Amino acid sequence: MTFSVVTNRPPESVESVINGDELELRTVYYKVDPVNPDRGVLTAAAQLLRQGGLVAFPTETVYGLGANGLDARAVAGIFRAKGRPADNPLILHIDAPGQLAQLAAAVPASARALIDRYWPGPLSVVVQRQPQVPDAVTGGLDTVAVRLPDSLIARELIRLAGVPVAAPSANTSGRPSPTTARAVETDLAGRIDAIIDAGPCEIGVESTVVDCTTPVPTLLRPGGITYEMLLAVLGAVEIDPALAGSPAVPRSPGMKYTHYAPAAPLFLIETGPQHTAVLLLREITRALAAGKTVGAIVSAETAPVLPAPVITAVYGPQGGAGVIAANLYNALRSFDHKGVDVIYAEGIAEQGLGLAVMNRLRKASGYRIIRE
């Protein structure tokens, strides 16, 4: 399939109402079977995308907020709906590997090797962009990130739309990413045209992003394809120094700004496993003594030692990074409805998906990290 720029927007394509001084969309909520989705629903959602609308849809990682990736005006709607800074690049999603050539000026050997192994899947490759890719997608960069998702619903939606779909996570900017459609509804109802609910996402953290334009491929964002999996294909992969801080120019989504944050301030406990519980209890005791309502995101092994007043979210067993990743964002969001004043999170080992989990926790904490 060859992509073409489709920007037709009939006035009747998007219903809206006046709410105060703002124009509020009538967000349509579709519930579909994740294995056998209603084709009529996907066809209607694809039509919205072709008309410049915004559709939240499930992927194997998190729910994405999709727009026609070749229509700068439609892409601008993503930034408005999310409150997302305009210099934060987006990922273009396609439904077949051959479509990459229509978006990339060149496909380096490193990108080709990763694509051959891990597409469809939670991997985004950064390549030099074709002129037809709007600046609104790339944040003004001369590169673009492209992904072929593993989700059947995502791929079929893109196929029916006939355009590459620009899609960051379907949440208010800075908030924890949504792994359920109800989380999307909480953040974006009235701001977007439609939500497709196919149940919870399997992986629970966003795609891995690899810059394949550098002499040695560079990991810009850890995700569902682990660092170890990248090494198995490429032999050598650099880790961008920005993963430890905040760069001046974001080369990938999620690099520059605070992300994934709950409403209350979060502090991350980073130390060896023997000392984590000790530090956690020390900080919690101090906060309780100060009269604060305390939340804690911890492993199943640590939860029983916490004092009763603490509101606890268990994200999984120690050593179970896959389970922890799948539960992380729901755990972060759970505290917003419980009135906590402060949250403490137990860090995990940075092997496998643990690298992605710790990246998200550091960002969610705003780098408020306790190591002593």
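Note: Cβ is positioned from N, Cα and C throughout, glycine not excepted.
Of the residues Ser169, Ser207, TrEMBL puts just one in the ATP site with Arg84, Asn88, Thr143, Ser177, Arg221, Tyr260: Ser169.
Just one of Ala111, Ala113, Ala167 is listed by TrEMBL for the same L-threonine site as Thr61, His93, Arg147, Ser207, and that one is Ala167. Its Cβ placed at the centre, Thr61 (L-threonine binding site) has 28 other Cβ atoms within 10 Å. Put simply, Asn88 (ATP binding site) is 17 Å from Arg147 (L-threonine binding site) when counted between their Cα atoms. Rounded to a whole value, the Cα-Cα separation of Arg221 (ATP binding site) and His93 (L-threonine binding site) is 17 Å.
In this structure, the binding-site residues Asn88, Ser169, Ser177, Ser207 were compared by how many other Cβ atoms lie within 10 Å of their Cβ, and the smallest count belongs to Asn88. Under the DSSP three-state reduction, Ser169 (ATP binding site) is assigned to strand.
Each of Thr59, Gly64, Ile91, Pro122, Ser124, Pro149, Ala154, Glu206 belongs to the same chain as Thr61, His93, Arg147, Ala167, Ser207, is absent from that list, and has a C-beta within 8 angstroms of the C-beta centroid marking the L-threonine site. Considering only the binding-site residues Thr61, His93, Ala167, Ser207, Ser177 (ATP binding site) has Thr61 as its nearest partner by CA-CA distance.
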